[in-house]
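Residues annotated as active site, phosphocysteine intermediate in TrEMBL: Cys341. Annotated substrate binding site per TrEMBL: Asn253, Thr254, Ala255, Lys256, Asn278, Ile279, Cys341, Ser342, Asp343, Gly344, Trp345, Asp346, Arg347, in sequence order. What TrEMBL lists as compositional bias 'Low complexity' is 555-607. Look at TrEMBL and you will find 120-529 tagged as domain 'Myotubularin phosphatase'. Positions annotated as domain 'Tyrosine specific protein phosphatases' by TrEMBL: 318-354. The region 'Disordered' annotation in TrEMBL covers 553-607.
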Amino acid sequence: MEHLKIAKVENVLLMKGRRAFLGTLHLTAHQMIFRYAESDDEVWVFYSTIHDIVRHALNAQMQVTLDFRCRNFLFIRLLIQHEAHANDVYDSLTKLIHLDSPDLFYAFHYHLAATFPSNGWAVYDPRAELARQGVTASNPDWRLTDLNLNYQLCGTYPAVLCVPARISDLVLRHAAKHRSKARLPALTFRYRTGATITRCSQPLVGLKQNRSLQDEKLVDTIFATPVDVPDEARRSDGHLIVDARPSANAMANTAKGAGTEIMEYYRNCRKEFMGIDNIHVMRDSLSKMVEVITQAEIEAIPINPALLERSGWLRHIKMLLDGTQVVVDTITSGHHVLVHCSDGWDRTAQLCALAQVCLDPFYRTIRGFEVLIEKDWCAFGHKFADRSGHMSTDYTVTASGATGALLKMQNKILQTVEQREVSPVFHQFLDCVYQLTCAYPTAFEFNEAFLIMLHFHVYSCQYGTFLFNTEQDRVVHKVPDRTHSLWSMVNSAPDETYHNPNYVAPIAPVTLEPLSCKLRRLRYWTGLLNCPSDHLVVDAATMQFEVVPPDAAEPNAATADSSTAAPTAPAPPTSNTSSSRPSSAPSPAAGDDPATAAAATTSSRVVTPTGDMVMSVMDPAPPSSTLSMASGAVVEKVSQLWSRWRLSGPDDESAPPPVADPLGHQELASITVVQPTRGSVARSR
C-alpha cells in the first residue's frame, strides 16, 4: 500500500460510448473500483487484468483522460477533473499494476470467511486419470516413471510421467538430451482402442543434422504399442508425427540448433506440418481484432466486418481446428500421434487438448474439462505467467509536451520487455471449444459462462490455478497451501451456474463417435469480447461473412457429410451471450412464432469483479440492468430472482428484486440491482 498516493477521487466521469456516468473512483491494493453516483452499482477492475493505460493531456474542460484496456476485453475511459488527482491516480496505478514479486499476486491475499465445500486441488490426480484411460498395473505397454519426481530431468514437465514399459530410465535420460528443454516424448492420452497421443518438443537436429538413437527408439516403441482396431479399419498411411509449426519456421530453427525430425531415421510413420503460426503472430492478430472492437465502442458505431476480417483471428482458429481434425482422424483410424511445436507448451497443448475434447466425452463435462486443463496445460508446463502477462503491463503516455523522440523514449522506459512473451494461446483454445459448443449444443455439460469465467481468471490472479509457468514453480511457491483453487469455486457453485441445460449425457460413451472439427460456420466470440454486435458469423469454407437474421436459430453443426454431426439445434442458452436467454427463463415452445421467441430472448453477460461475478442483462425493450454479486456461487440465485422480476413486469422500475447471500461470505454483504435509464449500456467486467 506504500505505492497508493490517493485512495479516493470524487466527481469522476466514466465514458461508455457517447454516454457519461458520474461517480467516485476508489483504489485498493488489488482492484480499481468505480461507484456510480446514482446508485450503489460498481465496476471492479483487477489490476492484473489491465493491459495498458493511456494518459491524455488536459482537454478544453481542464479534464485529464485515462484510458484502460483490459485483458478481459473491457475498455474504460475515465475523465478526472483535477490534474493533480489524475497524476496521483496514474502514478499509483503504474506502481500497483507492475508487480515485482509473485508474492504480491492477489491469490496469496484472497481469503474467504468460509472455506469452499469442494477442494479443487484434489480434482486432478495423474495416476487416477491414467488409470481411467486404461494405464494400470495390468497394462503391459505403459508404465509410470518417477524419473522426474524432483523435476531434475525436465523442469517444465510434471513430476509423474507415463512412458513405454519397454523403455528404461537410462534410455529416457539420453532421449531427453535430444529434445528442446529436455521435453521428451511422454503419454498424455490413451484412446479406448489403445491409440495414443504423446507430446514433446522439437528435436535438437541443428545444421549438423544430429540424431539420437535413444529418441528414435523411444518414438518407435511408442508407435509399436498395440492398437485394438480391425485391419480393414486401419488407414495405410501409418502413425503420425505432427509438427504444429509452418514448415518454413521449423526449418529456420535448424540454424538455432533445433529443427524437425529427419524422417529417414523414424520408421513406420509420417510427418505433417500444421502451419499454425507462432505466439507473436497470434498476439498481433488479437491486438488488431480488439482495436477494431474498441474503436467501434469509443465512437459508438457498428463494427466494420472488413476490418475485423483483416485481423485474421478466425483464420487462426480454423487452422487449429483443422490440425485437431488431423489428430482425431489418425487416432480413430488406429494409429498413434506424436505432437510437438517448438518447445511443446503452446501449440502442442492446444492440439492435444482439443483432440481429447473431441475424442473423449469425459473431457466435455465440467469435471473432465478441469482435469484436462490441469493435465495438458498446468502440469505439462504451459507458461501461464508469461503468456498472460501476470508481471508485465504497458503504460503509455500521451501528452502535449511529449512528442516525437521524447514520447517514444517515455513509452519505451515504461513498457516491460516481458510483453513479447504475452500471447493468447489459452484464449485460442477456449475459443475453439466455444466453436465446438456452438456446433454441438447438446454435447457439452458446461455453458459459455463457464468458458468466459475461465478466461477471466487466467488474468485475475485471484486463484492459484493459473499462477506461474510450471508445476515445479507452483510447488516451490506452495501454491496449493497458500491459495484457493479455481475449481473449488466452480465445483461449489450451484449446478445451474455453469451447466448447459441442453446437455445430453452419453448413454454409451465407450462407443460414442468423436466430434468433428469440420464446422460449417465460425463466429467471433462476442460474449467474451464484450462486443455489442451479434451474429458475426463467417462461412468456414470461404471465410466470408454470412448475413444471419437476429431471430434465426443459427445452427452450426458439423458438415453434412460428417457421420459425427450432432442433430441441429439452437445454441445452448447461457448466461453471457447476446443470442441466449437466462437459463432460468422459460424457453419458447417449438411451435412458437419466431418473433415471439426473439422478443423473449434476453442478452446477459456474466462478468467478474472481485473474483466474484457481475451479470449484466440487456433487454431489447425494458431498461438495462446490472446485477452485482460477490461470488460465482450466487449467480444461479440472482438468475432466479431476475427471471421472477422479469416475469412480473420488467418495466416496473419501482421494485427491483432482492438478492440474498446464500453462502454467508463476508464479501457478499452487499448485492444490488441497478436499473440505468432506458437505452443505456450496462456492461461492466
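Cβ coordinates come from backbone N, Cα and C, glycine included.
Model, not experiment: these values are computed from the prediction.
Taking the features listed in TrEMBL, we show where each one sits on the structure.
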{"residue": "Asn253", "record": "substrate binding site", "Cβ within 10 Å": "20"}
{"residue": "Ala255", "record": "substrate binding site", "Cβ within 10 Å": "10"}
{"residue": "Asn278", "record": "substrate binding site", "Cβ within 10 Å": "16"}
{"residue": "Cys341", "record": "active site, phosphocysteine intermediate", "Cβ within 10 Å": "27"}
{"residue": "Asp343", "record": "substrate binding site", "Cβ within 10 Å": "19"}
{"residue": "Trp345", "record": "substrate binding site", "Cβ within 10 Å": "26"}
{"residue": "Arg347", "record": "substrate binding site", "Cβ within 10 Å": "28"}
Nearest of the binding-site residues (Asn253, Asn278, Arg347) to the residue listed as 'active site, phosphocysteine intermediate' - Cα to Cα: Arg347
DSSP-derived class (H/G/I helix, E/B strand, else coil) of Trp345 (substrate binding site): coil
Arithmetic mean of per-residue pLDDT over the domain 'Tyrosine specific protein phosphatases' (318-354): 98
Taking residues Asn253, Thr254, Ala255, Lys256, Asn278, Ile279, Cys341, Ser342, Asp343, Gly344, Trp345, Asp346, Arg347, which bind substrate in the record, the widest Cα spacing (Å, whole number): 21
